[in-house]
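As given in Swiss-Prot:
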ACT_SITE  Y28  active site, proton acceptor
ACT_SITE  H105  active site, proton donor
BINDING   N79, H85, D92, M106, S107, R116  substrate binding site
SITE      R23  site 'Transition state stabilizer'
Amino acid sequence: MPIAASLRVLLLNGPNLSLLGRREVDVYGTVTLADIERTLQLDAQDLDVELSCLQSNHEGVLIDAIHDAFGRCDGLVINPGGLTHTSVALRDAIAGVGLPTVEVHMSNVYRRESFRHHSFIAPVAVGQISGFGADSYRLGLRAIALFLRRRAEQDEGPCR
């Protein structure tokens, strides 16, 4: 059986990421979230992925989006921002819907302050990409698309 080509992926960005390009440019550079989303939409076309994007400074909005993604999306790419290190609720939402998730960070969180070294999201994600600037997002999108397609190939094996 042929594998459905088009994947549906939700990109979530947490608190303060709307300030990319203006905030801590020595850490994050001058690229804006709008720039990142434009690039990802082009990448998504090449990957045959339907990409939806949402940024919120509010934990509950992100949790609602994760809940709403259940049954509508195949996977998630998330940069939880500061919620990475604090939000059990965000972690539980991801675990609860069971959607494959890739966690991304522009900076290498393990080369920064020690409080950034712990992620509540990583244990429920299929992978984590950090330290490649805006390319962390591009790598994250490619990673989730590859993961989902490989999983679909296994599910659609020759005798199924």
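Cβ coordinates are placed from backbone N, Cα and C, and glycine is handled just like the others.
Feature annotations (Swiss-Prot) mapped to structure.
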| residue | record | DSSP (3 states) |
| --- | --- | --- |
| R23 | site 'Transition state stabilizer' | coil |
| Y28 | active site, proton acceptor | helix |
| N79 | substrate binding site | strand |
| H85 | substrate binding site | helix |
| D92 | substrate binding site | helix |
| H105 | active site, proton donor | strand |
| R116 | substrate binding site | helix |
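Of all the recorded positions in the list R23, Y28, H105, the shortest Cα-Cα distance to D92 (substrate binding site) is found for H105.
Within 10 Å of its Cβ, the residue among the recorded positions R23, H85, H105, R116 with the fewest other Cβ atoms is R23.
Residue with the densest Cβ environment among the binding-site residues N79, S107: N79, by other Cβ atoms within 10 Å. Of the candidate recorded positions, N79, H105, S107, the one lying closest to the residue listed as 'active site, proton acceptor' when CA atoms are compared is S107.
With a 10 A radius on its CB, D92 (substrate binding site) counts 14 other CB atoms from all the protein chains. Across the residues annotated as binding substrate (N79, H85, D92, M106, S107, R116), the two Cα atoms farthest apart lie 24 Å from each other. Taking the C-alpha positions, the distance from the residue listed as 'active site, proton donor' to N79 (substrate binding site) comes to 6 Å.
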